[in-house]
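One structure is given here, and the rest of the page talks about it.
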Amino acid sequence: MAIRKKSSKSPPVLSHEFILQNHADIVSCVAMVFLLGLMFEITAKASIIFVTLQYNVTLPATEQATESASLYYYGIKDLATVFFYMLVAIIIHAIIQEYVLDKINRRMHFSKTKHSKFNESGQLSAFYLFSCIWGTFILISENYISDPTILWRAYPHNLMTFQMKFFYVSQLAYWFHAFPELYFQKTKKEDIPRQLVYIGLYLFHIAGAYLLNLNHLGLVLLVLHYFVEFLFHISRLFYFSDEKYQKGFSLWAVLFVLGRLLTLILSVLTVGFGLARAENQKLDFSTGNFNVLAVRIAVLASICITQAFMMWKFINFQLRRWREHSAFQAPAVKKKPTVTKGRSSRKGTENGVNGTVTSNGADSPRNRKEKSS
């Protein structure tokens, strides 16, 4: 009898390439585990911590409020909710990438550098637009615009509406999802430090506003900042389709400076004047009151340092654009076209005229000198 040899094939292993190509399916399966857990009594108590918002309190009806209200505060279980919605953010990111951005990339035939920048701006512009609309809806529904004193009145704001808490949980989930996306999107090593810096800044400020019960001020500043950033990334998307397009960047430059000034004014008005004049200025962890001098100084210092850092990056960006504009415009002014054997020199049109840059000159307004790999 012939003896059958045992197969030497090893069981399938989740390789690097397999995870990159199927990460959305893997994450979807993990998210479905939590959702299916709600269907069974044994696992429902654990799954509900991940899927729904925790720490709700029902306030009884009063003379001012005829109906009872359900409000929320924060706690350690929010980490589980943030983790679940981080998985949801990864799935949505993959859907936008596959069904929108990849189709546009195939039609436009972008270089590798433009491809990565286009994907970055496409994802961020969608997120900023959605967050702006959602945040503005909360501001209007809770009368923040008609009464700015809500930013500091009745602090600590330890109780939040469902919309407010879900907004902050979603914001934290989105920026936490940006860390694994660096791996899934095969981000270049030289781009990773820049990505880590701005992801860390977002998480630091959003979590700080959430934990210090400054959620009212944080919401206003986030909507203001997201609107300015949305304008930049949507302008960059138009720039990729037509490199002569510069109007959006000019408007963004003006609004960027105004946004930094408004951020400082609102922060100083709320923390430096409103909270400084409040009666209760004792540190109390049980009630969530952090209105003490040391915390106020730390909050203002972090906001001012961040705004100064952003202005420094902005000024360097504008100076680099101005130098590149002058460098491309100088040959067209100094050198006159010479006629040789009935054929004029075409260097001016190849390298760019009047400050316009061809696709060989730059890939994006942020990193014009970056080489396409």
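Here the Cβ of each residue, glycine as well, is placed from N, Cα and C on the backbone.
Annotated in TrEMBL:
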- 26-51: transmembrane segment (TRANSMEM)
- 82-101: transmembrane segment (TRANSMEM)
- 116-325: domain 'TLC' (DOMAIN)
- 122-146: transmembrane segment (TRANSMEM)
- 166-184: transmembrane segment (TRANSMEM)
- 196-213: transmembrane segment (TRANSMEM)
- 219-239: transmembrane segment (TRANSMEM)
- 251-273: transmembrane segment (TRANSMEM)
- 293-315: transmembrane segment (TRANSMEM)
- 333-346: compositional bias 'Basic residues' (COMPBIAS)
- 333-373: region 'Disordered' (REGION)
- 351-362: compositional bias 'Polar residues' (COMPBIAS)
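Of the Cβ pairs linking the transmembrane segment (196-213) with the transmembrane segment (251-273) and spaced 6 or more residues apart, fewer than 3 are under 8 Å, so the two regions do not touch. Long-range Cβ contacts of the transmembrane segment (293-315) within its own chain (Cβ-Cβ under 8 Å, at least 6 residues beyond either end) map to 201, 204-205, 208, 212, 214, 253, 256-257, 260, 263-264, 267-268, 271-272, 275-276, 281, 283.
Comparison of 82-101, 122-146, 219-239 by number of C-beta pairs under 8 angstroms to the transmembrane segment (166-184) places 82-101 first. Sequence-distant contacts of the transmembrane segment (122-146) (same chain, six or more residues past either end, CB-CB distance under 8 Å): 93, 96-97, 100-101, 104, 161, 163-164, 167, 171, 174, 216, 219-220, 222-223, 226-227, 229-230, 233-234, 237.
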